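Before any comments, here is the structure.
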Amino acid sequence: MIKVIFLDIDKTLIPSYDPEPAEPVIKELKRKGFEIVFNSSKTRAEQEFYREKLDVKTPFISENGSAIYIPKNYFPFEIKGRETKDYIVIELGVKVEEIRRELRKLEDAYGIKYYANSTKEEIMEFTGMPEELVPLAMEREYSETIFKWSRESWKRTLSERGFTVTMGSRFYSVHGNCDKGKAAKILLELYRRLGPVRSYAVGDGYNDFPMFDVVDRAFLIGNLTHEKAQNVSSIMEVLEVIE
């Protein structure tokens with residue numbers, strides 16, 4: 001049996017931006033034989049930072065399901081996707097340039113602040129992010145994060161123009177017609193080509209709900225509720241009940 005666990009990062013795997021608290025979690029999941037898949041709103045560059053720090057070498061899903069990054073030669077069969085130096089990339093979202101074109105049309109009227117029109121100092125203030133991680137977060141490929149706005153109707157306007165607006169732990173994300181669940185389902189289908197799969201997911205936000213819908217067992221950290229997910233206080237509690 002192949003055991004796959006999809007993990008949100010912010011407020012799920014790590015409480016803040018420091019990867020150190022996640023080290024015992026990753027170590028225990030590896031000991032239990034899990035394939036660990038980060039499924040986060042974070043960019044490829046951000047996730048590569050955490051993958052390196054935590055020694056995780058499995059596929060990962062970036063920017064709210066916008067792209068699946070599969071390390072070359074990870075699966076023993078051919079995968080259709082865009083090839084880079086290190087990955088086969090299955091793209092489900094739209095290019096960030098398309099999103100930013102629309103945001104530029106709206107930013108003044110709606111008072112919108114996002115990565116591309118914010119300074120490094122503003123981003124640090126909005127997010128609490130350490131300065132050294134800001135450049136990684138700014139390497140956006142398929143989405144933008146909305147930090148501030150003056151009029152609520154910006155969400156409806158972008159939705160009417162064909163974009164998806166998703167609420168995360170703290171901010172809104174604007175991306176294409178994709179979500180964490182669609183991407184997780186595609187990746188699970190690839191794993192099933194290797195044999196029977198048992199799937200799990202852990203998250204804390206509304207953007208994790210589509211991911212919960214496609215796995216066998218889901219865990220929700222915090223006070224939100226989802227009909228399929230078991231509420232837990234932390235990811236450490238998850239480790240106590242999964243094998």
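From the backbone N, Cα and C atoms, a Cβ is placed for every residue, glycine too.
Not measured: the values here are computed from a predicted model.
If you look up Swiss-Prot, you'll see ASP8 marked as active site, nucleophile, on the strength of sequence analysis. DSSP assigns ASP8 (active site, nucleophile) to coil in the three-state reduction, placing it in neither a helix nor a strand.
Same-chain residues at least 6 positions away in sequence with a Cβ under 8 Å from that of SER169 (Mg(2+) binding site) are, in sequence order, ASP10, LYS11, ASP204, GLY205. Annotation note: SER169 (Mg(2+) binding site) sits in a coil segment as assigned by DSSP. Look at Swiss-Prot and you will find ASP8, ASP10, SER169, ASP204 tagged as Mg(2+) binding site.
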Under 8 Å Cβ-Cβ from ASP8 (active site, nucleophile), six or more apart in the same chain: what's there?
ASN39, SER40, VAL202, GLY203, ASP204, GLY205, ASP208, MET211
Within 10 Å of the Cβ of ASP10 (Mg(2+) binding site), how many other Cβ atoms are there?
21
